[in-house]
């Protein structure tokens, strides 16, 4: 049985149920699970673990490390069953988010390129068990991942025991798409040899000793589809501002043509803005990113993208059927890499990426909050945005200028949590307009951002703040006692607007 | 004349006075000048430029870009003469600092690895003139730098015209110490081939077409000496905490022995702490840093350091005489590189450096302010601390727990300016103790930092703040309206302590 999926005869006897496999996990263990932006996640064993925790009635609490977010409500199930003591490095789950913000789950929010680097160095403790979704196990015991690579390769290499979930719903046609390359131990490490997005430098399977495979579970369930919303008028305007800016850069020789490889972050804004490039005048370009969303395939279909490198493929339901049903159409133009390669500072800086990521809010000096609602409550996590923004040749952050029908301004006097600071942010853009911050001092940035990016509802209020701040002087003027007044007002009244403005 | 210093006969006729050379600089120009941490700075032409601006009585305002800080009060002279319209990427000058904080000079505070990357891409405009201090010009017109490389090579390559200051006070024995390697244009760039601190991958001189050399000025003045203060009891305690920590890491296999290469930031704390390693039990190790201070040579003399790579050598007066008077003793163990190589993310991550930098203050969640006094007023600049902290295998920030006799706590509820955020800070340490933040969630970090690092004067006050913050919940609890109360109180009363505590 499953000869095409489990080609290494020596491990075929390891097939078992998810419940049996979950018994390999004990209270207090560190577990690494596949899954990146809802793609290629382990779908059965974590569910069985939650069921066991519920039924056993004794403590079963673990540290769960993944590539990035999981699908199928797995984080909810684990949270509700009390299994998650510690979770890293990213999540997008509503139930888990609440537990994190209550302080019930310790959430370690990390740059996505760094988790396995720390794990490899022993800085996060020993990894007990890895759970890896695969399309197949090769003749030599190599694990062929599914729709994401994420941290799976290093998890399998570093864990004491490996559980493989063979997912029959994931097409075998994915085989050959992956490029598994793992850096050597420091300080004696060679350069990472990727110099073009299309370079293949590793193997197509995760090579580990087959005897480490402790259990194999058969599943048959597609990935959770992407929840990214379609483009709308505002994302169209943002895309328009960006395309104008990039054309201007090319025409002044500050960017090459074709453009440098593009990266776009997870979620609605970046996906919709990238999709807007289908109507752009640019020469066909490449993508070097972490997650490949619908927009990547839209741009391939439009002849705008010639090659895309990522750590995962996360698509809406409609696009899933179309892309995975006809993978031959795209496979020569795709590669999936470990996230420490897709997000590696070395490669990002070498290629000079254009990096497009979403801000929750930014301030008048160009500092960006990507993670903390109101400065205190975790939304999802920083993800790869820091890996890309720091090392890109042009780091762009996009957001709509207001949220909640105007009760929130996405441009504020001071962000109450800084994920990307003034040193790393080149361009901020909203549907109102774009501010090019490169080479500007903070006072210059403030004027430009207020003039170009702020919603009219808040523009005069920000001008007032900045004028008051100037009285205190400094490189980066602020009124310290008022810097978070907007956020505090939102906490207290449900709107950042003072009452007089709401009344008007 | 000067045949040993100016070996290219074709350029000997370019010798002129500093005043004449300064005439090559017009109002509105962008000028790149050598100089990194007061070492190897252009010492004559900038002074002549300031004199000309004073005497001419017409606008002469420029953008001045350097490697890092200059010596000899050059920034003061240029500021007082009104020459500086814009200054980047770093400074340590008291007069300039005041002008920056008044808003009279636009200061662009940058990661030191990024300035020439942006310049090369045209993102900072065209460079008109470069002023480079040199010990010699080679037969082929190559410029041999003095005690720093900094950004000098790229300035000379990118500028329309180059002024060379041949400094007779800088010993010819420095020749051969430099390793000039410049990355290719993106996106077609090869890996940076440095895989060990001692690797030499470039040339010993800056190779440019000799016809670009527009003027040569002869000077005879040593570098301004380092102003780093000697070690004291507190820096000794900090060094002790760090040595204990690193020993513990080695003994648990989380760090190799010998240690990974070390980096130490500019200034008293890092220099004094590094010097403390002379009495440590570690195997001899290497240094891969930006500035090599007295401590580097102390450690070489103590047999603790086998090789040191930097972008500059900045020594106290006593050490200057000793090291430059007997360079043969050290030269096989030294290399000076462009700062984009010494600070390159690619190399820092590859080598897995231990990075030790100074914090102005840090908060209970591990965010670090390195630059802005009171959140608004520029001190010096971020320098290379971000280049190193982001990519090191272990990023350490050190500071004394209090300043101004206790009127300031260096550990605060929330830093009002973030240069290094929670994602990039592994270890914080004061003379009170050390907190290892790796793998911890913010709530865990808060307890550890308050217990381990805070001065007793402020410990209960921070506990009170954190307890109040917990009532608001979240991943990173804060009382937004009170987050900067300590800083505001210092502005208003001269002390972060509430009056009741001062009275006790």
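Just so it is clear, glycine is given a Cβ too, placed from its N, Cα and C backbone atoms.
Please treat TrEMBL annotations as automatic predictions, because they have not gone through curation.
Look at TrEMBL and you will find B:14-217 tagged as domain 'Acetyl-CoA hydrolase/transferase N-terminal'.
Mapped onto three states, the DSSP output places residue B:290 (active site, 5-glutamyl coenzyme A thioester intermediate) in coil. Residues or ranges marked as active site, 5-glutamyl coenzyme A thioester intermediate in TrEMBL: B:290.
According to TrEMBL, the domain 'Acetyl-CoA hydrolase/transferase C-terminal' annotation covers B:330-465. Look at the domain 'Acetyl-CoA hydrolase/transferase C-terminal' (B:330-465): DSSP puts its residues at 46 helix, 36 strand, 54 coil.
The 10 Å shell around the Cβ of residue B:384 (CoA binding site) contains 29 further Cβ atoms across the protein chains shown. Taken from TrEMBL, the feature CoA binding site applies to B:380, B:384, B:404.
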**Request:** Could you measure between residue B:384 (CoA binding site) and residue B:290 (active site, 5-glutamyl coenzyme A thioester intermediate) for me? Cα positions, answer in whole angstrom.
**Result:** 7
**Asked** Taking the Cβ of residue B:404 (CoA binding site) as the centre, how many other Cβ atoms fall within a 10 Å radius?
**Response** 10
**Complete:** Largest C-alpha distance in Å for the CoA site residues B:380, B:384, B:404, as a whole number, is 26
**Message:** Radius 10 Å, atoms counted are CB only; among the recorded positions B:290, B:380, which position scores highest?
**Reply:** B:290
**Prompt:** Whole-number Å distance between the CA of residue B:290 (active site, 5-glutamyl coenzyme A thioester intermediate) and the CA of residue B:380 (CoA binding site)?
**Reply:** 16
